[in-house]
Amino acid sequence: MSKPGKNLRTDVNVVKEGNVYKLAGFFRKTWELRYFRLRGRQLLYYKNEVDASSQPPRQTLNLRGARAFRAAEGKISARTDFCVEVQLVEPVSKSYYFCTETEEYLNEWIEAINQAAEYSMKEIGKLKGHDEPIACFSFSGDGKRLVTGTETGCVKIWDLRLHKLILSLDAHRDGVTTCGFFDTDRRLYTTSLDKTLKVWDADTFQLLTTIQGLDDGVATCLIIHENNQIVLGSVSGEMKMWNSNTLQVMGSLTGHKSAITSMTSSADGKRMVTTSEDGTVICWVMPRATQATVIRHPYSPVHGAIAKSGTKFVLWDRENCVSVYSWEEKISSKYELNRHSDKVNSCFFTPNSAKVVTASRDRSILIWDATTSGQLLTDLSGQKDAIRCCSVSRNQQLMLSVMGTEVAVWDFHSMEMLKSLEHPKQVMRASFIPDYSGIISMQEDGLILLWSL
């Protein structure tokens, strides 16, 4: 067994290194002796110790959120009796297997890996610039930039790596309702109650186009990237669609007669669900925007969310009624999720479409099976305050909930609260940064806080 080399003494971020057997191969599995180096939160491996001193690593494993433990007996044909399984969660869930010659050495690696994998969740910066609540926000696809909009028409673009404001725009004459990046982050859009959609160059931030295609203020906007479509919905129920490349109008979508409350599409862009303030729900087959069905929800206003798979959608309202529908060959009511005693503030499918999460003013977060039965899986009732919003990370490892001046971070598998992120003022919303680099939270005074993971 190789002892730590000289690089351990010269690189203060390296906490452990040495030879370990790694299970390799796709069809024919073999155990190969490789040189590993644990540096910060990264596990790097090389062909041997000589390569470790002169060559880049053959592979770098991101350990954040990972778990290392003794591999279950019989789960893998191990080279020795001392085998460890390392379960990674970033960028995707995957297990790796390693063997050592002694139990002592195995335990040293397990302890070191688990320490490196722990989430830090510390405040790392503040984004100052807004002096009012943030009405809407969105990330760039790579997670490096953030765009925010307010009810006074102000739009700001932030650099999340440098923790600074890039630019502030007096974009609209009325409140900004939606904002976001599209066209692979090359363009930026903003919509407003001033009846306009504006498209900006995302590098120079020059205004490219102003579209005033609705008779009333824009309530919501949906970009369907797969179809190159922009769909706008107004405060009076009017809906229109544009080609996102040419910005030419593609037509009107009729059926709603009151303010559009939500628009959501499946991952492949073939299905869309829209809801309005009077309880009307319309299911559309895209990209032609033909109506599949119209549902009259019993309570209003109604909101909706479609699963990424497009095979089901969920509706909810301020009367704490939550309904799940199946959309296979036909659309049918599947089950009711009626356990909340007050308004549902947040409702969504998990990224794999297997669960529905509901969060309410009744101080509870409920997690439901969305595959077959609608069974209640987890009941997180009795929280400190009303739940303003809730979200699950893309890799489904963590969950955020916002209540009062606190953002709670949960392990989404064990449902254990990992940490409470305390704020000096009321928190209005919080979100994971798409590249898993951290969390943002937004206070009622417009201050944005950045937290590490």
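The first residue you see is number 1, and the count goes up from there.
The backbone N, Cα and C atoms fix where each Cβ goes, glycine too.
According to TrEMBL:
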DOMAIN    13-118  domain 'PH'
REPEAT    127-168  repeat 'WD'
REPEAT    169-210  repeat 'WD'
REPEAT    253-284  repeat 'WD'
REPEAT    337-378  repeat 'WD'
REPEAT    420-453  repeat 'WD'
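Each of 127-168, 169-210, 337-378 was scored by its Cβ pairs under 8 Å to the repeat 'WD' (420-453), and the highest score goes to 127-168. On the 0 to 100 pLDDT scale, the repeat 'WD' (253-284) averages 97 in this prediction. Look at the repeat 'WD' (253-284): DSSP puts its residues at 0 helix, 18 strand, 14 coil. Across the domain 'PH' (13-118), DSSP classifies residues as 21 helix, 48 strand, 37 coil.
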